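Colleague: Feature list, courtesy of TrEMBL:
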- 109-131: transmembrane segment (TRANSMEM)
- 151-170: transmembrane segment (TRANSMEM)
- 204-223: transmembrane segment (TRANSMEM)
- 229-250: transmembrane segment (TRANSMEM)
- 350-369: transmembrane segment (TRANSMEM)
- 389-410: transmembrane segment (TRANSMEM)
- 431-452: transmembrane segment (TRANSMEM)
- 472-493: transmembrane segment (TRANSMEM)
- 514-537: transmembrane segment (TRANSMEM)
- 557-576: transmembrane segment (TRANSMEM)
């Protein structure tokens, strides 16, 4: 009979197959189950250290890359921006492919290894372009560069550069989608200690990434601009070598998850089986044997056993047992005709997540504007800080990084424990509530940005000099930069935690890759909105986004983004209120 106790689930019928764990060291073994115990925080320094140094390497390589292309390859602004945007798009899409390869074929560990060595190869080639003169055009004076009289790059030099970028994109595709899920695998989510460690890990992860960005935008950029491009690229390359070594040091205590085939095929099986049984009626009561529910294989990695729900009820037909679809040993005869309850509920989880993911794309619009138009605002403001320090316009984003680095530890160590006592929820608030708070901060950021821009433009028009610089300190941008930092803390970290907790266990890499796909789609959406606003407002002869920021209406554009974000927030709330969590935990 289907669902009979003690029967082992057939691998041919498994949509999201349960993983075997490699047995390497005896001190972390469970002798009863012959499985490795998750080492928790003992393993995190090696995994997170690898990710941190890899980010330091890649961010350090690319933080000033636009300048490198213009100065050393004599590219104009359009050529350099085209290459940089193309590489950025490829790097944000590559994690989707890497996640599929990881979950279906290679596993997280070996995908990270492949990505690490690919990144190292790309960095070494990039460093060689700065170190070996034949790999780039001959030097050119600044005056000749501005007048476009420098010798351009040739096809071979551009080819070497593109090969480097290709390897870097492959590396990004291997590391980004797997590092967080691989870290989550190291926690035993069946214990309170493991769950709390897992929740704190997301905040720690984003804090370390923020510190890395802070270092690359200051120290590494200074070395590249004022000392040597070869040294500025060489240091990140050495960091990547150290990251690989550190990652391999922890191999004896890692928990390894082995993939067992394409998860995409497993999802398709549920829809196909439900369609083939569309003419059958679903019984009202869940009588034993009517739905295929073999027991899960015991696992220390907290693979949650899900019960059949009435949501998306038509999919339940995929688990409906008809005639002799089950073998005597409890396995199903045809996985395209019969799926388990666990398979069906996992697919339902995916359908629930899609609306949240879609709304998060427009939720990132405010972050996109702070990375572009904020610099334009800073260029027309007083950049002097004190009597001796002049802040580079491109470095004002450091304020956001400082806000994140200060607030995240406070949030994790002080605010979350206080909220847990009040709400009795693990983490203090739900992850969707956290994302919603981040969306509210995004709206507030755009409103504040609009008001500050109105004041800046009026100051520039009334009291500005011939260069159009307003007699107004660039530190006036601090409120909007701090607010967008709060938006990142709640939205991005919340989405990272949401995807890793709510996605089926064997699709975590794919879930994590959605973050980077969201960044990519948000960038395209931002460009689309900018184009529409520029075209529509330009018909009257004065575009809101003209070349001169003092004659444009950037503040009105900010208010438009705030309005779009508000509408997106309403849709998000509608979807969030109807979302059913997988295994939310209350604190007694």
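Numbering starts at 1 and runs along the chain as it is shown here.
Yeah, the Cβs are placed from backbone N, Cα and C, and that goes for glycine too.
Just so it is clear, the model here is predicted, and its values are computed rather than measured.
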Colleague: Which listed range (109-131, 204-223, 389-410, 472-493) shows the maximal number of Cβ pairs under 8 Å with respect to the transmembrane segment (229-250)?
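Modeller: Highest pair count goes to 109-131.
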Colleague: Considering pairs 6 or more residues apart, do the transmembrane segment (151-170) and the transmembrane segment (109-131) have at least three CB pairs under 8 Å?
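Modeller: As far as Cβ distances go (cut-off 8 Å, pairs 6 or more apart), the transmembrane segment (151-170) and the transmembrane segment (109-131) touch.
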Colleague: Counting only residues 6+ away from its ends, which parts of the chain sit with a Cβ under 8 Å from the transmembrane segment (389-410)?
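Modeller: Distant contacts of the transmembrane segment (389-410): 203, 206-207, 210-211, 213-214, 217-218, 370-371, 374-375, 378-379, 383, 474, 477-478, 481-482, 484-486, 488-489, 493.
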Colleague: Per the 3+ Cβ pairs under 8 Å rule, pairs at least 6 apart in sequence, do the transmembrane segment (472-493) and the transmembrane segment (204-223) touch?
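Modeller: Yes, the stretches contact each other.
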Colleague: Using a Cβ-Cβ cut-off of under 8 Å, list the residues of the same chain that are 6+ residues beyond the ends of the transmembrane segment (204-223) and lie near it.
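Modeller: Counting only partners 6 or more residues beyond its ends, the transmembrane segment (204-223) has Cβ contacts under 8 Å with 48, 51-52, 55-56, 59-60, 63-64, 180, 183, 231-232, 235-236, 395, 397-398, 401-402, 404-405, 408-409, 412, 488-489, 492-493, 496.
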Colleague: State the non-local partners of the transmembrane segment (350-369) in its own chain: residues 6+ outside its ends, Cβ under 8 Å from one of its Cβ atoms.
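Modeller: Same-chain residues near the transmembrane segment (350-369) but 6 or more away: 267, 311-312, 432, 435, 438-439, 442-443, 445-446, 449, 484, 487-488, 491, 495, 498-499, 502-504, 507, 511, 514, 518-519, 521-523, 525-526, 529, 558, 561-562, 564-565, 568-569, 571-572, 575-576, 579-580.
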